[in-house]
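Quick notes on the structure that follows.
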Protein chains: 2
Amino acid sequence: MTRFAFTVEFDGRPFMGWQRQAHGPSVQQAIEDAIASVTSEAVAVHAAGRTDAGVHGIAMRAHADIAKEIAPFRLMEALNARLRPDPVAILACEAVADDWHARFSCTGRSYVYRIVNRRAPLTWENGLAWRVIQPLDAAAMHGAAQVLVGLHDFTTFRSVHCQSASPVKTLDRLSVEREGDRVSIHAAARSFLHHQVRSMVGCLAMVGMGRWSADDLRAALEARDRAALALNAPPDGLYFVRATYPGES
Amino acid sequence: MTRFAFTVEFDGRPFMGWQRQAHGPSVQQAIEDAIASVTSEAVAVHAAGRTDAGVHGIAMRAHADIAKEIAPFRLMEALNARLRPDPVAILACEAVADDWHARFSCTGRSYVYRIVNRRAPLTWENGLAWRVIQPLDAAAMHGAAQVLVGLHDFTTFRSVHCQSASPVKTLDRLSVEREGDRVSIHAAARSFLHHQVRSMVGCLAMVGMGRWSADDLRAALEARDRAALALNAPPDGLYFVRATYPGES
């Protein structure tokens with residue numbers, strides 16, 4: 001039995017999310033089915049994060065235990081061949097220690113949220129970014145975002161379906177950059193609550209539109225009440241970027 | 001009668017190309033149909049360049065003469081509403097002088113060609129970039145590309161269907177940049193021959209793979225023979241970026 005770690009890119013548009021669902025396709029199922037096709041083994045694939053329907057992965061990390069003797073490179077090539085035409089690709093595959101766990105060993109997660117700030121509808125980016133029509137002040141968004149950085153009770157920014165034991169998390173980074181009509185929001189933390197990034201982005205958009213001040217954002221945070229949330233941004237613009245592990249650079 | 005200039009973004013995947021075709025959808029037809037829907041006028045839309053099937057537009061310029069009295073902003077909004085669900089968006093619309101012509105007034109055109117240089121299949125970029133599996137030496141590609149810059153007979157890099165009066169063109173810029181596994185090729189000229197960018201990119205990829213030297217590229221250029229072409233890159237990675245006009249910055 002070998003534990004294999006995978007780096008996975010996926011387009012979230014056709015999926016109900018990462019996690020296997022009875023009622024529709026998932027990234028987890030696509031990979032598990034591909035492994036079964038290659039090894040004839042029914043294995044469980046564990047990921048660093050369970051993304052929602054419509055959320056994308058740039059470099060999701062995952063692992064599975066496989067009995068068949070196969071080299072990591074050959075496994076990667078075989079899985080990519082089997083995954084077609086699903087928009088899921090194994091970017092890297094390596095054998096890891098038996099106690100390496102994609103979720104529980106992970107010490108840092110980062111996301112990027114992509115906004116296209118213009119009136120015109122999206123073309124090839126439809127479903128891959130959030131189009132915001134109102135002009136956004138990215139500098140104001142970045143300034144207000146710093147209110148959320150640090151150790152806080154993020155109940156306001158947490159889905160009612162969140163299963164996390166505690167709403168208290170440390171947000172390491174929340175930065176906003178503009179390049180032309182593109183506004184990118186980068187978020188990093190050891191872990192996030194369910195819907196936390198999308199909820200923070202929704203409130204930052206309110207700041208960018210001039211409808212909320214940084215003080216309004218602080219008041220929403222301190223309310224510790226989901227009802228204080230301005231807006232939950234759509235999944236379209238959200239990408240799981242990176243998971244970090246001890247001993248990795 | 002007012003002449004309106006449009007800036008158009010489009011995803012080339014579902015289209016037979018820019019130009020109206022009897023046998024399938026085109027970007028030109030999508031826009032002409034949208035104009036007809038808004039104004040009840042059968043107008044011809046002229047573009048700065050006629051892109052091939054599968055080629056994309058970041059900021060194509062085009063124009064049409066419209067009798068109906070309508071403000072440019074309202075026309076843009078109405079066209080974008082009518083263009084759905086086609087992946088074509090009017091990014092800007094303005095009234096221009098009667099002698100302004102999207103094609104004949106254009107003094108410069110630029111393209112970018114996007115390569116993803118990796119083994120894994122593409123996910124959300126499928127059809128939006130060319131995946132090249134062999135490692136590419138972008139610095140070698142950039143160096144060799146300079147062989148093509150300047151005034152040359154580009155017969156080797158010209159489709160047999162090219163309708164241009166002369167194969168002699170001045171290439172102003174051909175540069176190659178790498179960022180991670182992304183290789184971008186930027187090309188600028190007053191005008192290009194049919195398939196010229198894709199043909200140049202195909203040969204530069206041969207250089208990047210180490211199968212051609214800069215001297216091989218020079219020999220192909222000097223052969224002035226389509227048979228000397230190594231490879232025509234697929235349309236997927238090609239984007240019309242910008243058209244320039246006198247008096248515009």
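Keep in mind that glycine also has a Cβ here, set from the backbone N, Cα and C atoms.
Summarising the annotation, TrEMBL assigns domain 'Pseudouridine synthase I TruA alpha/beta' to B:8-104 (among others).
In the three-state DSSP assignment, the secondary structure recorded for B:ASP52 (active site, nucleophile) is strand. Positions annotated as active site, nucleophile by TrEMBL: B:ASP52.
The number of other Cβ atoms within 10 Å of the Cβ belonging to B:TYR111 (substrate binding site), over all protein chains shown, comes to 26. Per TrEMBL, the feature substrate binding site maps to B:TYR111.
Residues annotated as domain 'Pseudouridine synthase I TruA alpha/beta' in TrEMBL: B:144-246 (among others). For the domain 'Pseudouridine synthase I TruA alpha/beta' (B:144-246), the number of residues in each DSSP class (helix H, G, I; strand E, B; coil) is 34 helix, 31 strand, 38 coil.
Sequence-distant neighbours of B:ASP52 (active site, nucleophile) (same chain, 6+ apart, CB under 8 A from its CB) are B:GLY12, B:GLY17, B:HIS195, B:ARG198, B:PRO235, B:LEU238.
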